[in-house]
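Engineer: Can you read through this structure? Questions will come right after.
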Amino acid sequence: MSIVFFLLFFGMVEMSRAMYVINTLQEVTRRAAALATNTDFSNAAAMQAVRQRAIFRDSPGFLLFAQPVTDTHIIIDYMWIQRSGGVMTMVAIPSGSLPASPAANFANCLGDPYSEGCIRLVRVRVCQTASADDCDPVSYRSLVSMVPFSFGLPVSMTIATAETLGMPAGVPCACP
């Protein structure tokens, strides 16, 4: 009888934890997007700090009570808007094609807001591995091995409009 009780008890604990993790991942992506829209994308240390702060930490590590999720699973993509006829499509900018700095992005956007060099959107996802189009979900890992409970966590994507991207106010750009 006690085995059934503990199985039910730990099953409820795992279900509660799974709901916590699923709901927290959406908040993690919201936090990361809000921070990334105002952080210099060309500064690797600043971007790492964004990922860490998104999971409520000041150092590398796991999301609290959600051990499979770490700051390395936070994927930040910068996107431009492709205008073709009357249709507008969000397209991820490869990391090698990003503007050199927030000031260069500002100049690019002033020149042509629909060019590949103009960051207009920031997309944040929680992925095991990611490319521009694919995002493999992080696998949920149960706390207690008595209750086998495994599934892919939701990607929890958030897209936000690019803001300053780390460019200080009042700094002149080399605009044409």
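Here the Cβ of each residue, glycine as well, is placed from N, Cα and C on the backbone.
What TrEMBL lists as domain 'TadE-like' is 4-33.
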Engineer: Sequence-remote contacts (6 or more beyond its ends) of the domain 'TadE-like' (4-33), Cβ cut-off under 8 Å?
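Structural biologist: For the domain 'TadE-like' (4-33), the sequence-distant neighbours (Cβ-Cβ under 8 Å, at least 6 residues beyond its ends) are 50-51, 53-56, 63, 65-66, 69, 74, 76, 122-126, 140, 142-144, 146-147, 149, 151, 153-154, 156-160.
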Engineer: If you run through the domain 'TadE-like' (4-33) with DSSP, how many residues end up as helix, strand and coil?
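Structural biologist: Split by secondary structure, the domain 'TadE-like' (4-33) comes out as 30 helix, 0 strand, 0 coil.
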